[in-house]
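**Student:** So that we are looking at the same thing, I have put the structure below in structure tokens.
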């Protein structure tokens, strides 16, 4: 009811929710031992990762929560979680798929968050902030609910930086008069490419590299392996 | 200001807040050793469990937070926390009382969440989602603030399933034209009975049973015993 | 758009955000070993502590999030985080500065939260609740994201009590007809003084003193030292 000028098309929004749900379920399925989750737990994580970004975005915008105005979002997230579980059963080496999907999802959620904020008239700096929160918020909720260290604070792969760069590109293009749709596509691409390159070439901030040797234990704790419960 | 058609009666809402507060304080009082909470900590958990469900419901509905529009909610939650502490001092075996109250509270919060969402015009699937979030949200906040594993992800007793079943019954009856009040009563009963039966007969999802043997340590960590801080 | 009667002046709001950001960055910079955060992590914590209180306040009030309506809040929080990191490098003994800033920040956020709630017409009890949530909410988010025990549940120094006392003083003065500005100043002073006296004289609730001996490990875990990841 607040956004007459601009609405994210339902298919685009559902695509992001679906990819997020698949990615979340793949991630959650990877745990073994005491951290292993049952079918219900994996589905909860799929829903959290698929829908968390959109919910956080609309809460911060103080607008109607689009994710809850139609049956399709939840149905998509649940179906995506089941697909994620199936894929996890089929493929043995999942890390590449998880990382690729993740790069796409943070790009999509970041772009949707920033463009919706700009369309509602927010200034560019908070619009970028909302995009970053939408991009990384689902993952933060996932880590908190699963009792893992919050990945964004510890994993040295320019995670939040990739999301932020995509949102900044979008906002800057918009300030210079470019339409929201091409700006958003550019932003998604930038976030996706930075995140993938960071993982492929193991790029990280200088200080993070220094820290890396000291805290391998922390980082591996964020990757699906057997860990005792906290 | 958004709900002209339907308002949860104050006495019903306060009953849920009060029972939640008693249950939260009973739970929080049970810890010994390094996890032991002082009077203030127990009251905070009572408030979180008593009021968390209603706050989450209204945040997701993007409507005025009913729980903060009157003095009574907080006063009820605080009084209930004190009653919970007293009960914890009187009774030695609290688990039955905690489980029974818990079953009632998830039924009440689930039904209130789903019926308010339906009354505001949301489709049935997100209405059920909001009910489940309201039912289990207070407990999730409690576990996060206390630094415990989030119970809903690990305890194999159909916890979220019970809440979900109650909300689904309510929504389906409403779709078939039954009034909200009898639908809500049916939903509360279904959630309450499923949750109690699950605990009494130790029913769990098949995979959860298999997991159970492996992670007894995780589950007992969610029950008040001496545990080192994380 | 909802508060025609009363708006917190921008300079006052930005002061609170800036002090919160400095305090958060100082706190986050203090960790060594595996919990050590890089530049990005420290900035995230600075933003969370500086902006968390205002965001929680406006979410609970279901009003436009003031913190996101102007570029200045985020720019202030980021600049404050950098200042905090510089100070952390310059000073060796930071605890006094952290505690003093913290006492001021909980006073400011508490007073802003309670007075905005009263100005929007909320009854005094939930207005105090919102003030306390705004005062301690940023710190709770900080601890959850950093994987630390939530300080308010474990640190025995009348932390939440100080915030609550300031908000109660403000609300009571307002009920007796005193203007919001002098009431807020009185509330800020009360919270600040109680918190500082509690730290200086090591005052705590009676039960907390008893608990203190048993859980020194828990409390020190909340202070920057080397701790294994959870």
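Cβ coordinates are placed from backbone N, Cα and C, and glycine is handled just like the others.
Just so you know, TrEMBL annotations never went through curation; they're auto-generated.
The following feature annotations were taken from TrEMBL:
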- C:10-87: domain 'Glycine transporter' (DOMAIN)
- C:101-174: domain 'Glycine transporter' (DOMAIN)
- C:6-27: transmembrane segment (TRANSMEM)
- C:39-60: transmembrane segment (TRANSMEM)
- C:72-91: transmembrane segment (TRANSMEM)
- C:98-119: transmembrane segment (TRANSMEM)
- C:125-145: transmembrane segment (TRANSMEM)
- C:157-178: transmembrane segment (TRANSMEM)
- C:184-205: transmembrane segment (TRANSMEM)
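Burial and contacts for the listed features, if you can.
**Tutor:** If you average pLDDT over the domain 'Glycine transporter' (C:10-87) in this model, you get 92.
DSSP places the residues of the domain 'Glycine transporter' (C:101-174) in helix, strand and coil in these numbers: 62 helix, 0 strand, 12 coil.
Sequence-distant neighbours of the transmembrane segment (C:6-27) (same chain, 6+ residues past either end, Cβ-Cβ under 8 Å): 42-43, 45-54, 66-67, 70, 72-73, 76-85, 87-88, 94, 97-98, 101-102, 104-105, 108-109, 112, 115-116, 119, 138, 142, 180, 224.
Long-range Cβ contacts of the transmembrane segment (C:39-60) within its own chain (Cβ-Cβ under 8 Å, at least 6 residues beyond either end) map to 13, 16-25, 27-29, 66-68, 73-74, 76-78, 80-82, 84-85, 105, 109, 112-113, 116-117, 130-131, 133-135, 137-139, 141-142, 145-146.
Note on the transmembrane segment (C:72-91): residues 10, 13-14, 17-26, 28-30, 39, 42-43, 45-47, 50-51, 54, 66, 97 of its chain, located 6 or more positions outside it, place their CB under 8 angstroms from a CB of the stretch.
Counting same-chain residues at least six beyond the ends of the transmembrane segment (C:98-119), those with a Cβ under 8 angstroms from any Cβ of the stretch are 3, 5-6, 8, 12-13, 15-16, 19-20, 22-23, 26-27, 30, 49, 53-54, 57, 61, 126-128, 130-139, 159, 162-164, 166-167, 170-171, 174, 180, 183-185, 187-192, 195-196, 199.
For the transmembrane segment (C:125-145), same-chain residues at least 6 beyond its ends with a Cβ under 8 Å from one of its own Cβ atoms are 20, 24, 27-28, 44-45, 48-54, 56-57, 60-61, 102, 105-107, 109-114, 116-118, 151-152, 159-160, 163-164, 166-168, 170-171, 187, 191, 222.
Long-range contacts of the transmembrane segment (C:157-178) within the same chain, counting only residues at least 6 positions beyond its ends with a Cβ under 8 Å from a Cβ of the stretch, are 103, 106-107, 110-111, 113-115, 118, 124, 127-128, 131-132, 135-136, 151, 184, 186-192, 194-195, 198-199, 202-205.
Same-chain neighbours of the transmembrane segment (C:184-205): 99-100, 102-104, 106-108, 110-112, 114-115, 131, 135, 156-159, 161-163, 165-167, 169-170, 173, 212, counting only residues six or more beyond its ends whose CB sits under 8 Å from a CB of the stretch.
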**Student:** Residue counts in helix (H, G, I), strand (E, B) and coil for the domain 'Glycine transporter' (C:10-87), per DSSP?
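**Tutor:** Once the DSSP states are binned, the domain 'Glycine transporter' (C:10-87) shows 64 helix, 0 strand, 14 coil.
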